[in-house]
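**Q** One structure coming up, written as structure tokens, with questions to follow.
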Amino acid sequence: MGKPVVAIVGRPNVGKSTIFNRIAGERISIVEDTPGVTRDRIYSSAEWLNYDFNLIDTGGIDIGDEPFLAQIRQQAEIAMDEADVIIFMVNGREGVTAADEEVAKILYRTKKPVVLAVNKLDNTEMRANIYDFYSLGFGEPYPISGTHGLGLGDLLDAVAEHFKNIPETKYNEEVIQFCLIGRPNVGKSSLVNAMLGEERVIVSNVAGTTRDAVDTSFTYNQQEFVIVDTAGMRKKGKVYETTEKYSVLRALKAIDRSEVVAVVLDGEEGIIEQDKRIAGYAHEAGKAVVIVVNKWDAVDKDESTMKEFEENIRDHFQFLDYAPILFMSALTKKRIHTLMPAIIKASENHSLRVQTNVLNDVIMDAVAMNPTPTHNGSRLKIYYATQVSVKPPSFVVFVNDPELMHFSYERFLENRIRDAFGFEGTPIKIFARARK
């Protein structure tokens, strides 16, 4: 199943971003920045009581020049659409306001669990008026202080209680789950329709749903597939659903539930920052990735156009140097037939295990070719390596001192492993560990 999604909702200036940073900040600070990946602080991974979950700060959703109450309304509705649990945050020093009651009215309509957090209660004396917040109708209010981190444990305990009740859609291990992501109007739905119209594709049914995310199940060459959240690709109409961050949010949920991610670019419009942002999430989540350039039929081209476009992609997506690039047209169906084989290959490589003895031969040959680096008179010594997991393939290299493993040498080892075993379409991870 995908990770549960928790949204923090409330009127401006109640401390949503402070709480977001409190819950997610420690996690964010230990994640190494990936070159070329643009981070968006609206959305972050977090962990509590052995639950991994995704956290949304709806205050980071820019609705534009909408009137004040309309902004609050739209942010709350985004949370109701996308979250599994909602943290409704109010300012304990100001008491219940008309704007709080406005948010409460919107949240009454949701069937999602709502946990009420009363922020800015920095000491015991300030908590005397907490009972006023029962009037909002969401049960026990949890007193917290974002500034000092007080009360967050109790709040997160209450949130985590609801995780066990979240419905999930389970598929067999053999089923390949993938999604098509990209900004609005790049042609994701058209690509799906073109794919499902191929001769060898048998669409069997619409699979079970997780909330409103309808998945499409089909068989291709006797292999079962699920396209995650085909409903999300087609969902249009409301004002906020056309905002960049809403579409990013929807894409992140689909990425989370997929093994392979097809990043769809617009051949006519080229690459924009949002493309990099969404692709960066797929990479950081360790998913297999295929890059699809759609609308290639509409591009004026000569014999060098495709090569130049590919070089431009490699330049913008340096962190996806392992991902194959496919050029196609959903409209004319030209080269549509290349997509499914690329997804299958990426999935196979995402799950690929290599023999330990062969891996160590590759590592030792690499060291012989390019001796290990030294630092302050100490030389890195590599003893042996082993693959510890798949999805994505992950390797531990046992060394004398992990601090001596410079990222450039780690990158060199990754390239040698790729040369030996392929791994096209999937990231691989390498960790240096001290031999005990």
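Every residue gets a Cβ built from N, Cα and C, even glycine.
The GTP 1 binding site feature in Swiss-Prot is assigned to 10-17, 57-61, 119-122; the stated evidence is sequence analysis. Under the heading GTP 2 binding site, Swiss-Prot lists 182-189, 229-233, 294-297. The domain 'EngA-type G 1' annotation in Swiss-Prot covers 4-167. Marked as domain 'EngA-type G 2' by Swiss-Prot: 176-351. Sequence annotations record features per position, and here Swiss-Prot assigns domain 'KH-like' to 352-436.
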**Q** Taking G10, G182 as the binding-site residues to compare, which has the smallest set of other Cβ atoms within 10 Å?
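**A** Candidates: the binding-site residues G10, G182. Fewest Cβ atoms within 10 Å: G182.
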**Q** According to DSSP, which kind of secondary structure is G182 (GTP 2 binding site) found in, if we only use helix, strand and coil?
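**A** Assignment for G182 (GTP 2 binding site) reads coil.
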**Q** N185 (GTP 2 binding site) to K16 (GTP 1 binding site): how many Å between their Cα atoms?
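**A** Distance between the two Cα atoms comes out at 32 Å.
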**Q** Of all the binding-site residues given, namely K16, T58, L121, which is spatially nearest to G182 (GTP 2 binding site) at the Cα level?
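**A** Closest recorded candidate to G182 (GTP 2 binding site) by Cα: T58.
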**Q** Among the binding-site residues N13, T58, N185, which residue has the largest number of other Cβ atoms within 10 Å of its own Cβ?
**A** T58
**Q** Between 0 and 100, where does the mean pLDDT of the domain 'EngA-type G 2' (176-351) sit?
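**A** Averaged over the domain 'EngA-type G 2' (176-351), the predicted model reaches a pLDDT of 83.
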**Q** Going by DSSP, is K188 (GTP 2 binding site) sitting in a helix, a strand, or coil?
**A** helix
**Q** Of N13, K16, L121, which is closest to K188 (GTP 2 binding site) if I measure between C-alpha atoms? They're all binding-site residues.
**A** K16
**Q** Is it possible to get the count of other C-beta atoms within 10 angstroms of the C-beta of L121 (GTP 1 binding site)?
**A** 25
